Amino acid sequence: MESLLLPVLLLLAVLWTQAAALINLKYSVEEEQRAGTVIANVAKDAREAGFALDPRQASAFRVVSNSAPHLVDINPSSGLLVTKQKIDRDLLCRQSPKCIISLEVMSSSMEICVIKVEIKDLNDNAPSFPAAQIELEISEAASPGTRIPLDSAYDPDSGSFGVQTYELTPNELFGLEIKTRGDGSRFAELVVEKSLDRETQSHYSFRITALDGGDPPHMGTVGLSIKVTDSNDNNPVFGESTYSVSVPENSPPNTPVIRLNASDPDEGTNGQVVYSFYGYVNDRTRELFQIDPHSGLVTVTGALDYEEGHVYELDVQAKDLGPNSIPAHCKVTVSVLDTNDNPPIINLLSVNSELVEVSESAPPGYVIALVRVSDRDSGLNGRVQCRLLGNVPFRLQEYESFSTILVDGRLDREQHDQYNLTIQARDSGVPMLQSAKSFTVRITDENDNHPHFSKPYYQVIVQENNTPGAYLLSVSARDPDMGLNGSVSYQIVPSQVRDMPVFTYVSINPNSGDIYALRSFNHEQTKAFEFKVLAKDGGLPSLQSNATVRVIILDVNDNTPVITAPPLINGTAEVYIPRNSGIGYLVTVVKADDYDEGENGRVTYDMTEGDRGFFEIDQVNGEVRTTRTFNENSKPSYELIVVAHDHGKTSLSASALVLIYLSPALDAQESMGSVNLSLIFIIALGSIAGILFVTMIFVAIKCKRDNKEIRTYNCSNCLTITCLLGCFIKGQNSKCLHCISVSPNSEEQDKKAEEKVSLRGKRIAEYSYGHQKKSSKKKKISKNDIRLVPRDVEETDKMNVVSCSSLTSSLNYFDYHQQTLPLGCRRSESTFLNVENQNTRNTTASHIYHHSFNSQGPQQPDLIINGVPLPETENYSFDSNYVNSRAHLIKSSSTFKDLEGNSLKDSGHEESDQTDSEHDVQRSLYCDTAVNDVLNTSVTSMGSQMPDHDQNEGFHCREECRILGHSDRCWMPRNPMPTRSKSPEHVRNIIALSIEATAADVEAYDDCGPTKRTFATFGKDVSSHRAEERPILKGKRTVDVTICSPKVNSAIREAGNGCEAISPVTSPLHLKSPLPTKPSISYTVALAPPAHDLEHHANSGASRPSEAEPRGADNEKVMHEVNPIRKDGRDKESPSVKRLKDIVL
């Protein structure tokens, strides 16, 4: 039995389900089968019973226990139950009614299968007797009914295949009676049926046949020899035929079991009784018990074990020593009593008997191990109770034949990574026996912890103007998980800071959590910003958490105060006060803005230089007031240097020159009190708004009326200034193409064209030649006086520039009102056309005073500001007398970045667009500032190359355009944005707008040194011109707007004193390039007098002073004549002239 129970002690894998699965499978096989006989397919039957078997695993079953491992076994891979050798049931189970082999196997899915194989008996053995002959002696005194037990036949087969009956040779004296023992075996007794008479017959011979229950039955025979002896009248007699006795299993040897006593009334040897085991008493029983033949005491001779056998039957006979003794028989049944002599046995079924691993995410009720506890004792001695020792998050759940260890709480590896479990089992016997089994449970890690920041809110303070890449702070998050589950990486959550991604402000090291600044912060733009940092682990799926980081930017004194009031021009403000101002009179209010905060942005005011004795300034509000009174003897102007400085640790300041002029005294009522500046400001704004509104309505109505005549724009060259002028004179945009390509060739055509010239064109002509109220020689020009002709190649390095027409200054002109030649316009010869007088087209003429420039560069400039070309670069160098604020404005100009919006836009609608040149009503206001800037600015320019394209076709023209006419797309620019390509293929447009002079208008010029020449003053002798130089001049006259500011006149007068500018109305400009590789270009600023003045001075050549006379007087004379004309033309500008100026500008 011990060998059969040893496999139960094997340890197996952990059961995965919450309750262990257990099934019972029963099979049967007949004995005497050869080795390898397949009993059953356990895998198939287990799968049908609900087992989850993994076909991918090589080993599906494992035997836990096997009561006959030498006879049967299970194939672990196929699950077939097979025999290992020939099974002899008669030898294995002897006479047991059932012969069963038990196996317990566990599948790969941790499920238990109990298999019982019943060995079916075959009738393969015949009954046999222990001896070949049975000899009996029967006293003749034996009365009928006397029973004499016979030796039983033995049949190894069991059940119905064992001995079932006995047969005796038929006779009249003796018979057989069949009886059954307690173990089911049958035996026969010989019964005397009639009285015997030794004298009649003393010897009998019979045959006894034993039959089993087979079909056909097997049989065994034995001879029976009966000898009739003389009688012993009394036989021993037992008190009872059956005795029952019990003995503890732990009884030592020689322990008495029972004392038998059989009485015999005879005397002597006939009454002396002898005891012995008789009949069928197996050898094992004879090993355990013995009987004293004289006393009849039955004692224990071997070790009793209740678990091995708990009932034994002893057949005892007693006979006297007399002759013809007839023995007496009795049966003693010995019951072995169970004692608590076996402690419980604990078997742990898991993957590893010493170490069990379970995930910390295992839910309550999860099975981690299977426990089987056994006790060989019976009853209360074998009733076992199990429990887990200690306070652990596990519990033991008991079932009928096994127990499971379940998770009974939340497991947390971070708090407790392993447990030592002890299982204790105890029985209920007396004394109580117990046993214990210990093993280790290791908790495996799961990604169940989020990264945890050391604090949810971080704040860092950094000064503005920090270095990009500067370290700000570090964030830290901890994850108590292990391995990748505990590795933390950082990233910034996408967000916006001032409409910009936060990634443009800061970055984070994903491993260390260090945060760095990606830009230099500006407190004035961003005082503080927040963003979130995300920390996530490396588990699957990853867990994450975030923290908020706030960056506070401290202000530093990095902004210089900017004086905003009074308005400054080149750092100078002019203020007018009445001469009769009293003490405390408010002269002006100085205002300065500082974008810093706190003390860094608090501005105070002071006067550092100038006439401080006459004025004082309030340091807080910047009010400049008088400290003295003024009279008629006071000087007309005063100067103050006003300084605005902040209160930062390193104070920054800005200064301005305030020029205070004394104006005529105010009336008494006007001089009382200070002027209400707010009221004046409101009235001025209202007036300007009203004027602008009326102007817009007038322009809209006018444009709408003009556009209703025809709404097609088929001229690809109308984007140039020259073409716009020609189209404007004709008054019809649709015929712009004809204004370039068509010119009358006959006087009849000239007259028809001259009749069509509108009043607008006449006013333009009048304005272009000057306007005189009282002159009777006023000469008008018609459309026939203006013709666009191809410019000669040798003059491509010269450009006539239209002069300015307004005296008003504005610093914003350079920023927003620069004219450009549309880059999309085709560079054809029509781009380089001159306006030519039809009447003097073939006559010899000379230049009138005009702006010209000479260049040796390969290209022409892209930008023209009031007729003066600017270089392509956006950064300029200025002379020392040019103020820094002007340079700042030009460098920061947005005009160079958006030329398309101001130069190329034409919507094609009836009304002008807001960015069209016709819509810009303030363009003339910026002229003088531009002229002054040009007079003080040095720039460089590139030359141009003459393209070879057809003058009437645009970039988008096709062959159909020559037949059907041009469409809107023909004049559209090729590139929407101007590029600054310096390739030779990218040619520029230069507009030369000239009007030929008549022969009477030819001017004289004089040499200035051996190499330089400039135009002579009015009234010089025409004969002074050398004949060989006349053809070079081409006789063209610039259509210039001749109204300029007094500053320009003074500059011209100063320039006229030198040899470089002999003419009083010309002044050379030298524009210097910031790039040393480009050649410098010389410009000549010219003011054209009216045509009749030219004739007047040309005809009065005899009365002119000689060349040796001083030229200053001649200059003054001309200027006296020119200035009234210029003033008169400025006072009586017509709307057409204004529009012409807008177009030209």
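Any Cβ shown, glycine's included, is placed from N, Cα and C.
When you go through ASN546, ASN714 in Swiss-Prot, the residue listed as N-linked glycosylation site is ASN546.
Binding of Ca(2+) 9 is annotated in Swiss-Prot for ASN340, ASN342, ASP375, ASP377, ASN381; the matching candidate from ASP292, ASP417, ASP427 at the same site is ASP427. Within the set 210-261, 834-885, 1094-1145, the record from Swiss-Prot flags 1094-1145 under the feature region 'Disordered'. Within 10 Å of ASN485 (Ca(2+) 12 binding site), counting CA to CA, the binding-site residues ASP90, GLU307, ASP341, ASP448, GLU464 contribute ASP448. Measuring Cα to Cα from GLU524 (Ca(2+) 14 binding site), the binding-site residues that fall within 10 Å are ASN559, out of ASP124, ASP155, GLU414, ASP479, ASN559, ASN600.
Those same-chain residues not listed among GLU249, GLU307, ASP338, ASP341, ASP377 yet with C-beta within 8 angstroms of the centroid of the Ca(2+) 8 site C-beta atoms are ASN250, ASP305, TYR306, THR339, ASN340, ASN342, ARG376, SER378, ASN381. All protein chains considered, the CB of ASN232 (Ca(2+) 6 binding site) has 21 other CB atoms within 10 Å. Excluding GLU464, GLU524, ASP555, VAL556, ASP558, ASP596 themselves, the residues of that chain whose CB lies within 8 A of the CB mean position for the Ca(2+) 14 site are, in sequence, ASN465, ASN522, HIS523, LEU554, ASN557, ASN559, TYR595, GLU597, ASN600. Listed binding-site residues: GLU31, ASP88, GLU249, ASP266, ASP479; maximum Cβ neighbour count within 10 Å falls on ASP479. Cα of ASP266 (Ca(2+) 5 binding site) to Cα of ASN234 (Ca(2+) 6 binding site): a distance of 6 Å. Its Cβ placed at the centre, ASP155 (Ca(2+) 3 binding site) has 27 other Cβ atoms within 10 Å. Each residue contributes its Cα atom, and for SER231 (Ca(2+) 5 binding site) and ASP558 (Ca(2+) 14 binding site) these two points are 151 Å apart. For ASP121 (Ca(2+) 2 binding site), the number of other Cβ atoms no farther than 10 Å from its own Cβ, over all displayed protein chains, is 24.
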